[in-house]
Amino acid sequence: MAKFDAHLKCSFCGKSQDQVRKLIAGPGVYICDECIDLCNEILDEELVDSQGNPRAGAEPSRKATPAAHKSNKPAPTLASIPKPLEIKSFLDQQVVGQNAAKKVMSVAVYNHYKRLAWQGDGKGETEETATRLHKSNILLIGPTGCGKTLLAQTLAEMLDVPFAVADATTLTEAGYVGEDVENILLRLLQKADMDVDQAQRGIIYIDEIDKIARKSENPSITRDVSGEGVQQALLKMLEGTVANVPPQGGRKHPYQDCIQIDTSQILFICGGAFVGLEDVVQKRMGRNAIGFMPPADSRGRSRANRDLQAAQVLRNLEPDDLVKYGLIPEFIGRIPVSAVLEPLDEKTLESILTEPRDALVKQFRTLLSMDNVQLQFADDAITAIAQEAHRRKTGARALRGIIEEIMLDLMYDLPSQSSVKDFTVTRSMVEEHTGGKVLPLPGTDQQKTA
């Protein structure tokens with residue numbers, strides 16, 4: 001269009017000109033580029049006649065998607081399911097700390113896959129006296145970088161099942177701009193190589209679930225398409241339903257072939273930081289938030305101590321507290337198992353650097369060993385890195401960023417210095433680099449004067 005006018009709107013979706021890339025005018029009507037794309041998708045669907053042959057003039061769809069299929073891989077048996085102690089032992093190899101959360105998840109996951117084995121044996125259907133086993137989804141509550149996603153990912157790795165991660169903040173209610181909840185299932189299906197049976201036994205982790213809380217516990221009189229609306233859309237999926245998943249993603253339309261996935265066997269793990277939830281719990285318990293957990297400047301308590309106290313308060317969490325926070329009762333009822341993860345202190349961060357199977361220190365040692373350099377980290381350097389990560393308040397995620405900063409110049413210079421066979425990162429190097437100074441490199445004048 002020759003002239004921009006914010007008052008002009010698409011006659012089909014109602015978006016104004018400043019919300020779309022292109023708005024095309026017709027005799028008394030307007031259509032935006034997004035609606036044109038949707039029309040093209042509908043028209044591009046392969047049209048067939050009553051005999052199943054392509055209709056004359058019909059063109060195949062532009063996007064070729066792999067066909068969904070069912071595998072011959074047998075369902076898990078009771079004997080093949082690892083016991084809770086075995087599950088926790090495996091988690092200990094990858095995740096440091098969080099013992100209470102590991103125990104909760106080990107039991108919940110064991111019971112979930114026992115339920116699948118029970119159904120696979122047909123006992124739940126043939127025995128009249130058999131008790132119906134309902135699934136128990138899991139809610140993880142903890143600050144950023146404390147290991148929520150890693151716990152879920154490690155479980156899926158141990159059980160050898162497909163695993164998908166979704167961000168709740170991108171989801172919207174059907175009919176609005178954003179992702180439909182069915183797109184979560186598409187990610188899981190893609191992780192399973194379009195194997196429907198495998199996907200139906202997988203694990204889905206929905207992150208940032210606290211961001212879809214409604215603004216108050218009272219039902220909203222206005223449309224909340226990314227909060228309460230998403231919670232409502234997730235209800236059936238969490239409980240168990242046969243969902244129609246568009247194989248190409250995006251919005252569903254009437255002429256699109258969809259893949260049907262039964263979600264009753266999928267384990268959903270929801271996680272979020274739930275900032276401020278401890279205040280809701282304290283209010284219910286009748287404790288003054290300021291007096292019970294004073295700010296750092298009033299009593300000299302550190303922020304770390306406050307975070308630890310918040311985790312201790314959340315041990316008294318009740319479903320009604322989550323309702324007051326903004327989750328609807330129906331949503332909470334479909335996630336009956338909850339676990340509170342504690343914030344990571346400096347000692348735990350030190351352990352994360354060195355102890356897990358894929359610890360960061362081991363990763364960088366392996367990288368430099370390919371250049372015939374034996375890399376070592378002094379104990380006080382490990383402590384300094386953990387202290388800096390703790391100061392940044394982003395949990396274990398800060399560790400990789402700090403080491404990458406420290407090692408950047410080293411990894412740039414060392415491969416070209418064949419005479420250097422070993423190198424030790426010291427505390428002074430960590431402190432100098434995190435303070436903005438250049439890290440001395442081996443064989444340079446800067447190192448000789450240090």
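Here the Cβ of each residue, glycine as well, is placed from N, Cα and C on the backbone.
Residues or ranges marked as Zn(2+) binding site by Swiss-Prot: Cys10, Cys13, Cys32, Cys35. Per Swiss-Prot, the feature ATP binding site maps to Pro143, Thr144, Gly145, Cys146, Gly147, Lys148, Thr149, Leu150. Annotation comment: Swiss-Prot describes 1-51 as domain 'ClpX-type ZB', evidence class sequence analysis. Per Swiss-Prot, the feature region 'Disordered' maps to 50-78.
Annotated features taken from Swiss-Prot, shown on the structure.
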residue: Cys10; record: Zn(2+) binding site; contacts (Cβ under 8 Å, 6+ apart): Val20, Leu23, Tyr30, Ile31, Cys32, Glu34, Cys35
residue: Cys13; record: Zn(2+) binding site; contacts (Cβ under 8 Å, 6+ apart): Cys32, Glu34, Cys35
residue: Pro143; record: ATP binding site; contacts (Cβ under 8 Å, 6+ apart): Ala273, Asp307, Leu341, Pro343, Gly395
residue: Thr144; record: ATP binding site; contacts (Cβ under 8 Å, 6+ apart): Ala273, Thr394, Gly395, Arg397
residue: Cys146; record: ATP binding site; contacts (Cβ under 8 Å, 6+ apart): Gln98, Leu341, Glu342, Pro343, Leu344, Gly395, Ala396
residue: Gly147; record: ATP binding site; contacts (Cβ under 8 Å, 6+ apart): Val95, Val96, Gly97, Gln98, Ala101, Leu341, Leu344, Gly395, Ala396
residue: Lys148; record: ATP binding site; contacts (Cβ under 8 Å, 6+ apart): Leu140, Gly142, Tyr205, Asp207, Gly271, Leu341
residue: Thr149; record: ATP binding site; contacts (Cβ under 8 Å, 6+ apart): Val165, Tyr205, Asp207, Gly271
residue: Leu150; record: ATP binding site; contacts (Cβ under 8 Å, 6+ apart): Gln94, Val95
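Local packing around the binding-site residues Cys32, Cys35 was summarised as the count of other Cβ atoms within 10 Å of each Cβ; on this measure the leading residue is Cys32. Taking the Cβ of Gly145 (ATP binding site) as centre and 10 Å as the limit, one finds 22 other Cβ atoms among all the protein chains shown. Same-chain neighbours of the ATP site beyond Pro143, Thr144, Gly145, Cys146, Gly147, Lys148, Thr149, Leu150, judged by a C-beta within 8 angstroms of the site's C-beta center, are, in sequence order, Gly142, Gly271, Leu341, Gly395, Ala396, Arg397. Secondary structure at Lys148 (ATP binding site), as computed by DSSP, is helix. Surrounding the centroid of the Cβ atoms of Cys10, Cys13, Cys32, Cys35, where the record places Zn(2+), the chain contributes additional residues within 8 Å, namely Ser11, Phe12, Gly14, Lys15, Val20, Leu23, Tyr30, Ile31, Asp33, Glu34, Ile36.
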